[in-house]
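Trainee: Okay, so TrEMBL annotates it like this:
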COMPBIAS  130-141  compositional bias 'Acidic residues'
COMPBIAS  148-157  compositional bias 'Polar residues'
DOMAIN    22-122  domain 'Nucleoplasmin core'
REGION    129-157  region 'Disordered'
């Protein structure tokens, strides 16, 4: 099963609210797949950022292949193996915030695990307090190039 714990909640410039939640699930011989999905009616942008896959207590010294099924840029479902873990040579793999758009399904294609998958569920929402015109103004200001004046540039020997 999944474990989602609230980590941080902040409001970014432009009225965009951002919440991060811890994500975790475990695949094993008993639970060979897990699907992470969000509500269809939700207007927020959701990202699942994977940080690590690791074998946990009780794992055998066998190849454990984990496959991710998600949509590609053409909205076609694609299955990709992301890890081949073995207790004696590679018991864990860092994925460095590998980002996926839900829905995402994890499959334990071979091996009996248990394999723990961890990451962050990021939710970006638009605040109702800020109008779209204000956001467009801020976005256009962010795009301007700022060149420091000669007085601001200090050369060091």
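Positions of Cβ are set from backbone N, Cα and C atoms, glycine also.
Those TrEMBL annotations? Automatic predictions, nothing curated.
Quick caveat, the model's predicted, so the values are computed rather than measured.
Looking at the shown structure, what environment does each listed feature sit in?
Mentor: When the domain 'Nucleoplasmin core' (22-122) is classified with DSSP, helix, strand and coil residues number 0 helix, 64 strand, 37 coil.
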Trainee: Tell me, what is the mean pLDDT of the domain 'Nucleoplasmin core' (22-122)?
Mentor: 93
